[in-house]
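Have a look at the structure below before the remarks.
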Amino acid sequence: MNQLYQRSFLRLMDFSMNEIMYILRLSHFLKQQKSNHTETQKLHKKNIVLIFENHSTRTRCAFEVAAFDQGARVTCLTPNISQIGHKESIKDTAKILGRMYHGIQYRGYNQDTINIFAQYSNVPVWNGLTEQFHPTQMLADLMTMQEQVPHKSFCKIKLAYVGDARNNIGNSLLEAASIIGFDLRLVSPREFWPQQELLTTCRKLTKLNKVNILLTENIQEGVKDVDFLYTDVWVSMGENEKVWTHRISLLSPYQVNQDMINYTGNSNVKFLHCLPALHNNETTIGKKIAHKHNLFNGLEVTNEIFESKHSIVFDQAENRLHTIKALMISTLLPNLYHKNITFHTKN
């Protein structure tokens, strides 16, 4: 029996450690099947709708290709072609889409919006990103960690996230570590630490699961001996540029560069980033920030590190496809995908 059938995935805490590990096992299996051209379509005649309130490259492509690989049909709704939240309420939209589609992906701003979709659609809803959480990214991150250090269980893995730890990646990593059990260091100015409510919830889990989570402003302490260094962008489009200036001034010491790599003491440390990354001035926004703040070798990460042997960001991005495929299969099929991939607690 598939215990994830008809379940929504709005944040990582919606699933147990056992359930997340099942999705990861299925992800590895599906990746191998795709590579071997032996994949079996299990989502034939399923209809999936992808809702985007903001721009997307990796999330949209991963959901679309995953659905197509599995034989599902996809509709994509963007703000310029839908009435969601403008002429039609979220609640009403959820009710009608739930009658037409087997699953809904939502990528937008407010976590409350996706919660309404899940409450009223009566079909699985998957969080492609909100300002609060990015759980589908976490599945790809966990899979990538397993691939890079296959000799280590999660409880032996150390990861440092540096920069803005209050964003959706920082929040989701906090949940991931609390559930899965890897050693997490959030290395950030105190102003950018996660909200106290989330910290309190996760600390209860860490005590239960005997997990080590460190919040520190001290870079050398935070990154010492880690297996993975992770960061995310510091600025977002649409924000006031005064906000950018304030953030950059506080976060500039937390740039992932060669000095930080050296501080880890691990010559094989791997670099993670959910992308897009401002690692050079080849983009419009990168060029603007470089000239205004005199940062010509990247913002949150230098181009040297982004292009180095340490960087596994494109493996990480590819794994969005395999984990999203596993998530859709797990929540849309009443039975297990393969008899040899079952629910158990080993990590």
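Heads up, the Cβ atoms here are built off N, Cα and C, so glycines get one too.
Here is what Swiss-Prot records for this protein:
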- S56, T57, R58, T59, Q83, R107, H134, P135, T136, Q137, C274, L275, R320: carbamoyl phosphate binding site (BINDING)
- N168, D232, S236, M237: L-ornithine binding site (BINDING)
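This view paints the features noted in Swiss-Prot onto the structure.
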residue : record                           : contacts (Cβ under 8 Å, 6+ apart)
S56     : carbamoyl phosphate binding site : R107, G128, L129
R58     : carbamoyl phosphate binding site : L275, A317, R320
H134    : carbamoyl phosphate binding site : N127, N168, I169, S172, C274
T136    : carbamoyl phosphate binding site : F9, T59, A62, W126, N127, G128, L129, R320, T323, I324, L327
D232    : L-ornithine binding site         : G163, D164, N167, I169, G170, H273, C274, E300
S236    : L-ornithine binding site         : none
Counting every protein chain present, what is the number of Cβ atoms, excluding its own, within 10 Å of the Cβ of R320 (carbamoyl phosphate binding site)? 26
Three-state secondary structure, which DSSP defines for N168 (L-ornithine binding site): helix
If you rank the binding-site residues N168, C274 by how many other Cβ atoms lie within 10 Å of their Cβ, the lowest count goes to N168
In terms of DSSP three-state secondary structure, what is the assignment for C274 (carbamoyl phosphate binding site)? coil
